[in-house]
Each structure stands twice: as structure tokens, then as C-alpha cells.
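Colleague: First the structure, then my questions, so here it is.
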Amino acid sequence: MASPSHPSRDCSQVIDHSHVPEFEVATWIKITLILVYLVIFVVGILGNSVTIRVTQVLQKKGYLQKEVTDHMVSLACSDILVFLIGMPMEFYSIIWNPLTTPSYTVSCKVHTFLFEACSYATLLHVLTLSFERYIAICHPFRYKAMSGPCQVKLLIGFVWVTSALVALPLLFAMGVEYPLVNVPSHRGLICNRSRTRHQEQPESSNMSICTNLSSRWTVFQSSIFSAFVVYLVVLVSVAFMCWSMMQVLRRSKQGTLAAQGQQLQLRKLESQESRSARRQTIIFLELIVVTLAVCWMPNQVRRIMAAAKPKHDWTKSYFRAYMILLPFSDTFFYLSSVVNPLLYNVSSQQFRSVFGQVLRCQLTLPHANQEKHLRAHVASTMDSTRSACRPLIFPASQRSSSSARANMVFLSTFHSEAKPESKPQELSCESPEPNSERKPANPATRNGFQEHEV
């Protein structure tokens, strides 16, 4: 008999054995999902494969740092594994034919573990890529000490090891079991199920599904809730790093515009490419945050629903809400891996151009230094021609106008600000004449000194 504190009740709203076949969705949903999954699978595999090739081309041509390339390649590989490991098995065992016998326990465990590991590898890759850009933009001096092939390998290794640890509990908590088996020592609803068919032999009637094992309920709950915390931490961290990077770029822009003088105007011109690349990175990371929030949240809600209470305590409305959410959450989750190549194309015109070239198998991208070397060579040739055709001593007005134009072309070939070691060289370039007027920031004076030396 039930204890007086927990009287036996007839829970008419709680699901029973008659609802177990409803774990299999309707036929029209199956057909719709197979078409949607097929499109997502092809686009996802193709997009991420081309992304790997594009990043390698950009890195070889000098447009992308090797550290960023390694992160993007590893992220694309994790997305591809999500499709290869997760989509076929999940569609067959959860959507198309969820009701089976306990003989598929090993495949259920292995699939769940690998799928969870690859999914969170994608999530953590977004975190490490954001962290790498955050250090490069907000802490550039630390970036040189923290960047490098060894550090990148350690970060990527950290991602995969952590993902495996996050997924490891599911290797023990998942299996093939009748979904309405009572969880031992669980204080849930106490209902009179004497008139239901819970005591039938589900093994003989093919009523088992790949689900959490009742004997490992605590392990399953801990795994799902811990993974959800990891998801929230990644979202908050990436959002914070994007906000910090935007603040740094905004302060840098305001400082350049507020300054006066020829030298600071040249600094604005020479750093325009680097600031444009940084803006593209931030746009990409912002879109990644939105994607993670929109595409991952339905799947996280469904997982929380599964871990909040055992299935034998689910009400009919709770069960129907779960089954309605199931196809939508899975579809949006796979879209998060499809959308990464799309975000690369949206946030970077250069990436979009090379992406199209790779699809057409016609690579026409020149090396990044080719145009710079050409401009420098033309500027050097013109400067040598002028120096050979004019006298050594010029009036101050002519020297100022001509040398300012020459230095404008010369300094435009640089893409980073002068290092502190270059300051003594600027001081040594002053004219030795005591009566001459000179300003350290005036490019005409420096060019005049070069003519004086000639």
C-alpha cells in the first residue's frame, strides 16, 4: 500500500503504455524531414568542405593568419562530423524507426557519445576562435606571446578533449530501454497504474527506444544540465568578447578622427585595411552568437525537458509539446552547422569571392604582397627618377610639396604602426644644420634630409 503522505491517485493526464507508439512521428512529418535533412546534409557537407579549401587558399596567399586558419578548419571538420555521425543515425533511430528492441544498445551509446562530442566541439571552437580574435584586438602585446603553432594546437586539443569529457557521461547514461520504466528512488507522481499496460513485456513487443536508462537517471540529469551550463557560458563569453572588441575599435576610430596633422592622417590610411578586417571578424562573431542562440536554444530546451522529469511522470500535454518540438529542434540544430560557411560569405567579400572561385575550380586570387610590392617598386622608381633630374638644394616650398607626395606613396605601403624601435631612427634623420627649421612629424623634413645626404 502507498504511504499516507503519498496517497495513490488515478493520474488520468499522465501518459501510459498506450502513448508509447506516439514516440514515432506521423508519416507526413517523416517525409518532410527526409527532404529537409537531405538538403541540409548536402549543403552542409559541401559548404564546410569548400570552407576548408578556401581558408587554406587564403592562408597560402597571405590573406589569413595560420592561427585563424587552423581554428576555422577544425570548426569546419567538427561540423562535417556532426552531419556524418549525427544526421543519418538520428533520422533512422529517432525519426523514422524509433521503436526497436534492446539489441541496439551499443550503437545507441556510441552514436549518442560521438554526436554529443562533435556538437560541443563546434560550440567550443566558436569560443576559442572568439578568444583568439579578442586577444589579438584587445591585447595585441599579449597576442604575440600567446599565439603560435604550439598554442593553437593546444587550444584545438583542449576543445576536443573537453568535448569528449562533456559527452562521456552519456556513454553510460544512454541505452535502449522501454521509455516508461520507473526510475528507482525517484519521488515523482504516484499513480494507480493497475489498469494500464505498464507491466507488459516491451522487449517482446518492440516498444523500446534509444533513451536515457532508468538506472542511470542521476548521471543523465547531471550530464544534460552540465552541458547546458557550458552552452550558456560560451554564449555569454563570446558576447562579452565581441562587445569588448567593438569598444576597442570604436575608441581607435574616434582617436584617429580627432587628431590633426599629416602624419596622423597617414596613420589612418595605413591602418584602414587592418581595421576593416577586424570589423569583418566582429560581424562574423556577432552573427555566430545570434546563430548559437537561435539554432541551439530549441534543442537545449528539448534536452532540458527530457532531463527535468522521467518519462513515466510526463503528462499528455508535456509529452505532445516534446514531440512537437523534436523535429524543429533537430532541424535548427543542424542549421547551425550549415550557417557557418554562409556567415563567412556574408561577413567577408574576399572570402565570398574565393568561395566562388573554388566552386568554379578557377583560382585567380593574387598574393597579398604582390600589389604592395608593385606599388613600392613604382614609388621607388619615380623617386629615383626625380632625385636624378633635380638639384640637391631646393627652395623650402618646392621641397615641402614634392616630398610630401613622395612620402604619401611610400608610407601607404605599410599596414602596421611604427614600432617603438623605429623612433631613434626618426630622430637621427634631422638636418644637422643648426639654423634650419624642422619638425619631427613633417615628412618634408625627412625627405629633405635624404636629399641632403645624396
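The backbone N, Cα and C atoms fix where each Cβ goes, and this holds for glycine too.
Pulled these features from Swiss-Prot for this protein:
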type     : residues      : note
TOPO_DOM : 1-34          : topological domain 'Extracellular'
DISULFID : CYS11-CYS191  : disulfide bond
BINDING  : HIS17, HIS19  : Zn(2+) binding site
TOPO_DOM : 56-69         : topological domain 'Cytoplasmic'
TOPO_DOM : 90-109        : topological domain 'Extracellular'
DISULFID : CYS108-CYS210 : disulfide bond
TOPO_DOM : 132-151       : topological domain 'Cytoplasmic'
TOPO_DOM : 173-217       : topological domain 'Extracellular'
CARBOHYD : ASN192        : N-linked glycosylation site
CARBOHYD : ASN206        : N-linked glycosylation site
CARBOHYD : ASN212        : N-linked glycosylation site
TOPO_DOM : 243-283       : topological domain 'Cytoplasmic'
TOPO_DOM : 306-323       : topological domain 'Extracellular'
TOPO_DOM : 345-454       : topological domain 'Cytoplasmic'
MOD_RES  : SER397        : phosphoserine
REGION   : 415-454       : region 'Disordered'
Colleague: Give residue numbers and ranges for long-range contacts of the topological domain 'Extracellular' (306-323): same chain, 6 or more residues beyond its ends, CB-CB under 8 A.
Modeller: 13-15, 19, 22-23, 25, 179-183, 186, 188-189, 198, 211-212, 214, 217, 220-221, 224-225
Colleague: So which residues does the topological domain 'Cytoplasmic' (56-69) touch in its own chain, when a touch means Cβ under 8 Å and the partner is 6 or more beyond its ends?
Modeller: 129, 132-133, 147-149, 151-152, 350-351, 354, 358, 363, 365-369
Colleague: Let me know the model's mean pLDDT on the topological domain 'Cytoplasmic' (345-454).
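Modeller: Residues in the topological domain 'Cytoplasmic' (345-454) carry a mean pLDDT of 55 in this prediction.
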Colleague: Rounded to a whole angstrom, what is the C-alpha distance between ASN212 (N-linked glycosylation site) and HIS19 (Zn(2+) binding site)?
Modeller: 18
Colleague: Among HIS17, CYS108, all listed as recorded positions, which has the most CB atoms within 10 Å of its CB?
Modeller: CYS108
Colleague: Could you measure between CYS210 (disulfide bond) and HIS19 (Zn(2+) binding site) for me? Cα positions, answer in whole angstrom.
Modeller: 16
Colleague: Could you give the number of helix, strand and coil residues in the topological domain 'Cytoplasmic' (132-151) as assigned by DSSP?
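Modeller: Per-class counts: 17 helix, 0 strand, 3 coil.
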Colleague: For HIS19 (Zn(2+) binding site), which residues in the same chain are close in space, meaning a Cβ under 8 Å from its Cβ, but six or more apart along the sequence?
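Modeller: Listed in sequence order: LYS316, PHE319.
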Colleague: Would you mind reading off the Cα separation of CYS108 (disulfide bond) from HIS17 (Zn(2+) binding site), to the nearest angstrom?
Modeller: 22
Colleague: Within the same chain, where does the topological domain 'Extracellular' (90-109) have neighbours whose Cβ lies under 8 angstroms from its own Cβ atoms, ignoring anything closer than 6 residues to its ends? I mean 6 or more beyond.
Modeller: 20-21, 23-25, 29-30, 33-34, 37, 115, 170-172, 174-177, 203, 206-210, 326-327, 330
Colleague: With DSSP helix as H/G/I and strand as E/B, how many residues of the topological domain 'Extracellular' (90-109) fall in helix, strand and coil?
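Modeller: Here the numbers are 15 helix, 1 strand, 4 coil.
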